[in-house]
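Here's what TrEMBL has on this protein:
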- 17-82: domain 'C-type lectin' (DOMAIN)
- 117-226: domain 'C-type lectin' (DOMAIN)
Amino acid sequence: MHYNEEANIYFHGSTVTDFWFGLTNLMPGGNWTWMDGTPVDFTDWDKGEQKNVSGNNCAALNLNNGIWKAHDCFKEKPFVCKVEKSHFEVTTTTTTTYPTYANCTYPFMYFEPTHSCYGYGNWAGPMNWTQSEQYCLGYGGHLTSIRSYEEEHFLIAIHYILYQPIWTGAISYDGGIKWEWSDGSTWDYNPWASSSPYMNTSACGELWAVGLVDHYCSEITRIVCKVKL
């Protein structure tokens, strides 16, 4: 234990004579315990300590000799914290960058943040969800998933152009308990409109201007396919 040596460095030249460290008997059971839960396998109490004096439930370390004494926990003293080294280590994250342009076969269009092509091919009219997913598979894609705010609002812009809701790849097979994307993507973004999903039944997800809304999969509406590059 090096509390005394370290503390002398920081408190050098001050009038401080002792400081709080993480030992107390206020924990359940009344035994002297380290606040971080590590075993008390070393002690350095002053002679006569720990005194059974009411209120002396916290330990302070003397800067002159490194000896411990029990004190009233409500006394104001400087203190020393022990923090995991990892708390101060800088974590670096890698961001995948995609080209600003990619060749998506007409009439599909490229969206850089997802590196995917979006469109409805040689569109043949509104379809139900199952027909729509099969149609997108024919282009090597799926009904679109929604993985971010940026992607959601890109698709909402398409919704405004089509002036109709659009099928997405969102589907629930278990009464609305679990939702998944038909392309197998992780459901790591919440695109639901307020109060949705609300049907509490197996259903599919339509995108409106307000967000994703659950509807019966047999409903016929417009579609957007997503083809990952």
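Placement of Cβ uses the backbone N, Cα and C atoms for every residue, glycine included.
All TrEMBL annotations are machine predictions without curation.
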Give, as a single whole number between 0 and 100, the mean pLDDT over the domain 'C-type lectin' (17-82).
83
What are the helix, strand and coil residue counts for the domain 'C-type lectin' (17-82) according to DSSP?
0 helix, 23 strand, 43 coil
I'd like the per-state residue tally for the domain 'C-type lectin' (117-226) from DSSP, helix first, then strand, then coil.
23 helix, 32 strand, 55 coil
